[in-house]
Ligand SMILES: NC(=O)C1=CN([C@@H]2O[C@H](COP(=O)(O)OP(=O)(O)OC[C@H]3O[C@@H](n4cnc5c(N)ncnc54)[C@H](OP(=O)(O)O)[C@@H]3O)[C@@H](O)[C@H]2O)[C@@H](O)CC1
Ligand SMILES: Nc1ncnc2c1ncn2[C@@H]1O[C@H](COP(=O)(O)OP(=O)(O)O)[C@@H](O)[C@H]1O
Ligand SMILES: [K+]
C-alpha cells in the first residue's frame, strides 16, 4: 500500500520493526547488509541535503545497532571525501554482532564521547540510540544532547532521535535530540507522526534497506499513515447516471443560538458530495438557516418528537448531531433518537459533552445501533467523555474506540482515527491555521456527507480528515472556517485525477460540446 511519498502507508511499532528485521534475515537477507544499507542511506542524506556550513560531520555512536549504523555512515562519508569525526559512547570492546563488524570496517579514529568536543562541527549525526532505547537518557548522553542544543548545531537522527521512544508520541521523559531530519528504515514508527514526538524528528525520510515488502503479510500492521492509499478505492465518486437520492441524504441537527456551526457542516456535507442535506432547527431560528443556505432543506423541529419524525424518512440515511446544538437534554434526545433509528451517525461537539458521566448509556446505544457511529472529540471533549483514558493520542483513541464501539476521531495537529478492532490512522500533516473556530464543524459535516454516500465509517473519517487538511493547505494562511468547504473542490479534482475518474468526466463534457 503506497502513500503519497511512495513509501508504504503502514506504520510499524518497534516490536513489529524487529519482526520485520527477523523475517528478512530468516528469508536470507544478512543483518550486516541491512545495516550497510541503513548507514548508506543516512550518509546519502547527509551528502544530498547538508548545508554549506564549514566543519566536520560528527557521528555520535551508541552501544547497539543504532551505533553500528553510525559506523557505516562515517565510513561512507569519509569515502565520499567529507570531513568526518566519530565519537563512541562506551567501550569499543562492548560492541557485538553487526555493530562490532561495522566498527571493524571503520579505519578512522574513535573518539570518546565528549560534550566539550563540538568545535569545528558542521552537523551532528545522532546514532546513539534508536529502537532499543529502554530508559531516559542520563549521564554522558544527556549531557551531549544539551551541549549540541546549546551549540545550535543541526542534527540528523538515525531511525529515531535519541531520547525518544519509537512507539510513543508523548513528550520524552528526559532529554532528547531535536533533529532537523530523521532517516528511518522500511516504514515510519508512531513517534514520527504523533505530536509532540513528531516535532523532535524534523523532516522524516523513509529509506528502503532491503527488507522485502512480503514481511508485512506476516506482521499484518493495524496502524497506517492517513493518505489516499487507505481510502481512495472506496471513495464515492458519482456514477455518470446517478440522481441525487443515490448520493445520500444527510440530516443535520442545528442549534438555536450558535447557528453558524450547523451551516458550516451542511455546506461541507454538500461540497463533499451528499445528494441532499436537511437541516433540522427550531421554528424560531429557521429563517436564519433558510435565508443563508439556498441549497439546504430546512426543517422546523420544535419538540423532540419532530426530530424522531424527521428520522422516519429512510432516505435520510446519515445524521450529524452536535455542532452548535447546545449542551442540553434536547441535544441528547436527538442523538439518542438517531441511534435508535439505526442511522450512520456523527456525534460532535455538544452531542459529546451531553454524555459526560453518561457514557454507559451512550455506549449501549452505539452497540445496539444498526448504523456505524463516529465520535469526533477534540482533546477537551475527549477528556470529558473518557476521563479515565491516558496515554498518547493513538493509545487514547484506540482505547476509546474499543470502549465505545464507535469510530473515534481524536482531533489535533496529528488527528487519529481509530476503530474498535484497533485499525487506526494518524494524519501526518495539517496546517496550524486549521486551529480556528468552526473548522471542526466543517469536518463533522464532511464525515456525515461521506457516510450519506455509503462510505464505511473508518474510511469516511480518514478521507474527511485528510481532505480537510489538504483543503486548508490549498487555501493557505488567513483561512477561516467558511473558506474550507469552498476549498474542497480543488482537492477533490486532484483526487479524482488520481483515482482515474477525471477521464470519465472529461469524456462526458466533450460529448456535449
Ligand atoms: N538488523 C537490524 O536489526 C537492523 C537494525 N538497525 C538499527 O538498529 C537499531 C536498533 O538497534 P538495537 O536494538 O541494538 O538498539 P539501540 O537503539 O542501538 O540501543 C540498544 C542499546 O542501548 C542500551 N540502552 C538503551 N537505552 C539506554 C539509555 N537510556 N542509556 C544507555 N544505554 C541505553 C541498551 O543496553 P541495555 O538495555 O542492555 O543496558 C542497548 O545496548 C535501529 O534503531 C536501527 O538504527 C539498522 O541497522 C537496520 C538493521
Ligand atoms: N495545531 C494544529 N495543527 C493542525 N490542525 C489543527 C491544529 N489544532 C487543531 N487542528 C484541527 O482543527 C480542527 C479544529 O476542530 P475543533 O477543535 O472541533 O474546532 P471547532 O469546535 O471550532 O469547530 C480539527 O480538525 C483539528 O484537527
Ligand atoms: K538515533
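Quick reminder: no glycine exception, Cβ is built from N, Cα and C everywhere.
The annotation (6S)-NADPHX binding site is assigned in TrEMBL to 65-69, 130-136, 159, 261, 324, 378, 441. Residue 131 ((6S)-NADPHX binding site) falls within neither a helix nor a strand when secondary structure is assigned with DSSP, and so counts as coil. Within 10 Å of the C-beta of residue 131 ((6S)-NADPHX binding site) there are 23 other C-beta atoms, taking all protein chains into account.
TrEMBL lists 66, 126, 162 with the feature K(+) binding site. Sequence-distant neighbours of residue 66 (K(+) binding site) (same chain, 6+ apart, CB under 8 A from its CB) are 127, 128, 129, 130, 131, 132, 158, 159, 162. The DSSP secondary structure for residue 66 (K(+) binding site) is helix.
Long-range neighbours of residue 413 (AMP binding site) (same chain, six or more residues apart, CB within less than 8 Å of its CB): 195, 430, 432. For 411, 412, 413, 414, 415, 440, the entry in TrEMBL reads AMP binding site.
If you look up TrEMBL, you'll see 17-217 marked as domain 'YjeF N-terminal'.
The domain 'YjeF C-terminal' annotation in TrEMBL covers 227-495. Per-residue pLDDT, averaged along the domain 'YjeF C-terminal' (227-495), amounts to 96 for this model.
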Would you list the other residues of this chain near AMP - those whose C-beta lies within 8 angstroms of the C-beta centroid of 411, 412, 413, 414, 415, 440 - in sequence order?
378, 393, 410, 416, 427, 430, 434
For residue 440 (AMP binding site), name the DSSP secondary structure in the helix/strand/coil scheme.
helix
Diameter of the AMP binding set by C-alpha atoms, the set being 411, 412, 413, 414, 415, 440, in angstrom
14
Based on DSSP, name the secondary structure state of residue 414 (AMP binding site): helix, strand or coil.
coil
Close binding-site residues near residue 415 (AMP binding site), where close means Cα within 10 Å, chosen from 65, 68, 126, 134, 378
378
Within the same chain, and leaving aside 66, 126, 162, name every residue whose CB is within 8 angstroms of the centroid of the CB atoms belonging to the recorded K(+) site, in sequence order.
60, 62, 67, 70, 127, 128, 129, 130, 157, 158, 159, 160, 161, 177
